[in-house]
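Enquirer: Quick one: this structure, given as structure tokens, is what I'll be asking you about.
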Amino acid sequence: MSHKPDDDYDYLFKVVLIGDSGVGKSNLLSRFTRNEFSLESKSTIGVEFATRSIQVDGKTIKAQIWDTAGQERYRAITSAYYRGAVGALLVYDITKSVTFENVERWLKELRDHADSNIVIMLVGNKSDLKHLRDVQTEVAQAFCEREGLSFIETSALESTNVEKAFQQILTEIYHIVSKKVLDSEDNRPKIGEGRDVIVIDNAHDDGGKKKGGCCS
């Protein structure tokens, strides 16, 4: 069985991880891209990203997952971090209610700096620590319904729902972007119109296809 080389893909999607420090963003990244988990995760200086390709509807989707790498401690995340992002995983720790309370602030920052049509998923991480749960699932679900977000609970430690979370958000992005491409081909004068349009890159607005350039 032949595998496509890493640079052979149909779409490149930038997805950002945001949320309070210590909620498990780096481990979600490493679990999805390398199937690794570290109990001694240390904040990285600068911005870290990793990539992984998946198949959606017969297309190769290369996900470029960005991690804040500790910047959130200083509230120093810049607009450059969000630029070009078509998806965001907003992560909190189910055992620490303060990390859930801060979700609203993160959501506001995301909506202030990112494209208005970015796909957002709320992720309640550390579901393996059910005995220490401080945020009820129903409360988080109600928040997501109110804000129009998708929702999932994960455990990077046990690898529970990590794959599902990334597959779900990347599939949703793909369906929106591919619909945009079809719409623009069917009705060229209306390019850029419609509620579900995601602008991948203002200079190369081509639905995120590789030949239009990287979308970061």
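The count begins at 1 with the first shown residue.
Quick reminder: no glycine exception, Cβ is built from N, Cα and C everywhere.
Annotation comment: Swiss-Prot describes 19-26, 67-71, 125-128 as GTP binding site, evidence class similarity to another entry. The S-geranylgeranyl cysteine annotation in Swiss-Prot covers Cys214, Cys215. What Swiss-Prot records for 41-49 is motif 'Effector region', and it gives similarity to another entry as the kind of evidence.
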Enquirer: Which of the listed binding-site residues (Gly19, Gly22) has the least company, meaning the fewest other Cβ atoms within 10 Å of its Cβ?
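Expert: Comparing Cβ neighbour counts within 10 Å for the binding-site residues Gly19, Gly22 gives Gly22.
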Enquirer: Near Thr68 (GTP binding site), how many other Cβ atoms are within 10 Å of its Cβ?
Expert: 22
Enquirer: In the structure shown, which of the binding-site residues Lys25, Ser127 has the fewest other Cβ atoms within 10 Å?
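Expert: Per-residue Cβ counts within 10 Å for the binding-site residues Lys25, Ser127 bottom out at Ser127.
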Enquirer: Average the per-residue pLDDT over the motif 'Effector region' (41-49) and send me the rounded value.
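Expert: Averaging the confidence scores along the motif 'Effector region' (41-49) gives 64.
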